[in-house]
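The following features are taken from TrEMBL:
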DOMAIN    28-74  domain 'RING-type'
REPEAT    123-159  repeat 'NHL'
REPEAT    163-206  repeat 'NHL'
REPEAT    214-247  repeat 'NHL'
REPEAT    250-303  repeat 'NHL'
REPEAT    364-396  repeat 'NHL'
């Protein structure tokens, strides 16, 4: 408690107010566990207005009908009628930044992090179901997400409003069975990697199928678009990286080229439009021993020469907390940014030639980040699969970036 008291005093927070909040507002009154951002402890609003944690919602709900009664007022509802209690989540972030951030961990970074604040979120359970991939349309700024819903591709406008959806779940060649990632071409075609039939599928922005590339991959995973409108695809099982060129409006595949082989379960993928560099996220233990969650980021230049790499073990030598990368992107300055599921956090690794220059940029407000994208306005979109939502973070003025 000595460190917490010192942290509260330094932040100007009265300890008695924090203790009162802990008991009155931040504790589930069914299981008496503290609310949190992670999935089982997330505070959920019941339709009657009472708040319980997600684990208690699941315990109270009937396994088949999902029906439950509020334990306080006995009003009937269903588990799917509950929603995140945003005021409690925001209070957790406010107090968590004071009480639960690791000052030693943050000060161990080679240079002080800039501040990104979550100022908007959209999606949520029901709108999105276990989302896996995120992309931005370069022309319209619309947000494209692939998820496990009945229609696998969901498109939002630039403010997060629902636009439309497509990609039926089914067994036809043009259906989307199990989407892993998504990208949007420069001429607004949506490219989806489908693990269900190990194919790459291209749709126009209205959901009409234009091209299916099958029998070329063992397990296509990450997908990204190059500045010249080529499609980069990682094959996690074959350990390869491919470049596809196509006439998307006509639905004609022009050529496919293998750019790299002997990669270790490559998944996430990013391209810097500033330098042309390509970042690949490897999972060396994916098909090996259980319990190993080491990850590795490799960065190649535009001629596919390796210019930088770092793995979880190397990062742990510099940073007290374990870093397990789940997604990778480039910011507008050419820095490599990764999503970390162990934190959870978003971390800047610096430019490839500077690896590793570790810089945490988001340390609160996330549950399980799995995809990243920067807007033209330099906001960072984070796909949080545990909360089934897209969270939009903005760089605060006056902080380094």
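Placement of Cβ uses the backbone N, Cα and C atoms for every residue, glycine included.
Predicted automatically and left uncurated, TrEMBL annotations should be read as such.
Between the repeat 'NHL' (214-247) and the repeat 'NHL' (364-396) there are fewer than 3 Cβ pairs closer than 8 Å, counting only residues 6 or more apart in sequence, so the two stretches are not in contact. If you look at the repeat 'NHL' (123-159), the same-chain residues 6 or more away from its ends with a CB under 8 A from one of its CBs are 80, 83-84, 165-169, 176, 179-184, 186, 188, 190, 192-193, 203, 205, 207, 223, 225, 370-373, 375-376, 381, 383, 385, 387-390. Proximity of distant same-chain residues to the repeat 'NHL' (163-206), defined by a Cβ-Cβ separation under 8 Å and at least 6 residues beyond the stretch ends, is recorded for 132-140, 142, 144-147, 149-157, 212-214, 216-225, 229, 231, 233, 244, 246, 248-249, 251, 269, 371.
When DSSP labels each residue, the repeat 'NHL' (163-206) comes out as 0 helix, 22 strand, 22 coil, counted as helix, strand and coil in that order. DSSP labels the residues of the domain 'RING-type' (28-74) in these numbers: 10 helix, 10 strand, 27 coil.
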